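Written out below as C-alpha cells is the structure these notes cover.
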C-alpha cells in the first residue's frame, strides 16, 4: 500500500479499500467491497469485514491465553513432580509404582537366560510399559504379558537324578508290578547317566482303568527328581487350552504347557497329560492337532503359544500321557508317542497290593490305625474272586475302604457313648464367638419376643479335635465267612456257565471285557426248521457277526470232509435256521477273537458231538481256516485259570506273548496248545471222539502238529 495512513483516513473510499486489503475475509466479501460504487455502501461493507476480523482476533487471543496457561500449569506440575521424585530419592523413600514395577521386571529378567529373540521382545514391551499411563487399559495388558514372560523359567532346570538304585526303590515303594513301565524309566535314566544329559520323551501309558497309570506318573517324577504337573484333556474341545488365547481378548491366558512351566519354575518337569484318548473336538478347533506340535520332539524346541508369541523350549520336558484305549487317539498323535501297555493285575498281584498298600491305607484313613483289626487273606481272596474281577484295583480299594468303615461304625455302635464319650467343649485361646441369626417367622416367635430378638450366641473353635482312644480289648476279624456282612452279597456267583458236559452246539470261548478284565464266554448254537438263515443274539458287534458268518461258511464249504453231508454235492442245513447266542445278553461283545470257538460250536451242532467243558479257546479265523493272533491274552488266561480250565487253544503267533507277559502263577495247571489252522483246533477239541477217529483222521488230516506247552 503506497498511501500513508494519514492519506487513507482523509479519503473515505481509500479507507474502505485499505480495510478490505488488511483483512482475511472471504473472497466474495472482498470482491463486493471493490464492486460497490456507493461510498457509504463500500464503507458499510468494509466495516462489517473489520468487525468479523476483530471477533476472530479476540477468539484467537483467548485460545492462545488458555493454551499458554495450561502449558504453564503442566510445566509447573511436571517440574514439581520431578522435584518430588528427586527429594524422595534423596530421602530413600519409595518411588512411584510404575518405576518400581519396571525395576522388578528388570530384576526378574536379569536372573533368567532369555534367548536373544525373547530378550528383544521383553525390552520392547518394557519400553512400552514405561511410556503408558497406569490408568490406560493397555497398561494392564502389557503388565500381565511381562508377568508371564518373566515367569517362564528361561534356562532354569532342576538337577538330574541318575541314581538307578534310588529310582528303582522309589518305583517299587509306590507300585507293585508294572515291570515294563519301570524298566523303561530305568533305561531312560541309564541313557541319561551315560550321556550326562537327557532329552524329553513322550511316553503313553495305555491300559484299563484302575491299574495305576496316573499315580505311576507321580512316582516317575519322584524317581527322576523332577517337578510334577498334571492336567487332563478328557472332553477338552477348546484349542486355546493348549495353545493359549490371543492377547487381544479380555482375560487372555497362555495354554497349559506355559502354565505348567510357570508353576513348576523349571524347564525340565514331568508333565502328565491324562485321558488323552478322550480328547474332544469342537467349533473352537481340534485340541488333538494342537498337541502335535507340543509332543513332536522336532518341533517342541520352539513351541509357539498364541499368547506369548515367542518360541518356548519344551524339548527337556518329559511328557507322560495316559489312555484306556488307543483306538480313539488320532494316528499322527499316536505316532509321536512311545506306547507302554499297562496290563491288568492277576489275582496274586491284587493280593499283594491289597495286603501291602490298600489295607494299611484304609485302616489308617478310618481312624483304626492302633486298633486290633485284621483282614484275613482268605477274605481278600474272596473279595478279589467274587466282588472285584476288574483288571485294576480301584474297585478293590473301594471295597476294602468299605470294610474298614463298617468296622469303625461297628466299634462305635457297640461301645456306645459311655465308653467313647464326646469331649466337653473347653474354651481355648482359639475360641471364636459368633451369632446365629433369628430366621423364625414372626408367627412362630414366643410371646416374650415382642421387644425384638436377641441372637443366640454359639461358641465355635479352630482347635484341632483329638482322635478318640479305642480300648485295647476291641478285636475284629474279617474272614471269608463274615465278609458279606461288610460288603454285601457276592457280585459274581459262578465262574462259568457250563462246568459239566454241555449240550451239543456249545463251546467255550474267552473274552476281554471293557473294564479290562477277561471272562470265560460260552457260545451256544442251535437249529430249527427254516430256510438256512443265521440269527445272532447277545448284543454282538459288527466284527463278531462277520466272524460268525466266516465260521459258518467254512463249515458249509467243508461239510463233506467233516462228515456232515454224505457227498460234496449235498447242501448243508439249507432247510434249517441256525441261531447263535452269546450270554450274557446285556453285555456288548465285539472283536474277531471268538472265531475258533464259534466254528467249534457249529461243528459240534452239525456232527452231534459235545465239547469238553474244560477246553477253552480264542483266535480269529479266516475263510480258509487259518487262525490269526488276538489281544488281551493275559486277562483271558487269568479268567480261564480262575474258572478251572485245563486246556487252552491259542494262536501260534501269540506264543511269545504268553511266554513273556503272562505270570507263571496264572499258567500253572493249564495245558497250552498253540495252533495255526482250524483242523488242529478240531482234532484237539474232539480228540478220540467217534467222528474224529472214523472220519477226520482220513478226510481232515493234520499237516503239522500243534505246539504244546506246560509252564
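Heads up, the Cβ atoms here are built off N, Cα and C, so glycines get one too.
Please treat TrEMBL annotations as automatic predictions, because they have not gone through curation.
Marked as domain 'Lon N-terminal' by TrEMBL: 1-54.
A coil conformation is recorded for residue 207 (ATP binding site) in the three-state DSSP classification, outside any helix or strand. The Cβ neighbour count for residue 207 (ATP binding site), using a 10 Å radius over every protein chain in view, is 22. What TrEMBL lists as ATP binding site is 207, 208, 209, 210, 211, 212, 213, 214.
According to TrEMBL, the region 'Disordered' annotation covers 420-457.
Per TrEMBL, compositional bias 'Basic and acidic residues' is recorded for 437-457.
Residues annotated as domain 'Lon proteolytic' in TrEMBL: 501-688.
Within 10 Å of the Cβ of residue 593 (active site) there are 29 other Cβ atoms, across all protein chains. Annotation source TrEMBL lists active site at 593 (among others).
Reduced to three states, the DSSP call for residue 636 (active site) is helix. There are 26 other Cβ atoms within 10 Å of the Cβ belonging to residue 636 (active site). Annotation comment: TrEMBL describes 636 (among others) as active site.
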Task = Provide, as an integer number of angstrom, the distance between the C-alpha atoms of residue 211 (ATP binding site) and residue 636 (active site).
result = 17
Remark   = The number of other Cβ atoms within 10 Å of the Cβ of residue 213 (ATP binding site), counted over all protein chains shown, is 26
Request  = Look up residue 213 (ATP binding site) in the DSSP assignment and reduce it to helix, strand or coil.
outcome  = helix
Note = Whole-number mean pLDDT, the domain 'Lon proteolytic' (501-688), equals 90
Task = Tell me the Cβ contacts of residue 210 (ATP binding site) under 8 Å, same chain only and six or more apart in sequence, or just say none.
result = 390, 391, 392, 393, 394, 395, 516
Key: Non-site residues, in chain order, whose CB comes within 8 A of the mean position of the CB atoms of 207, 208, 209, 210, 211, 212, 213, 214 at ATP   = 205, 322, 324, 342, 391, 392, 394, 516
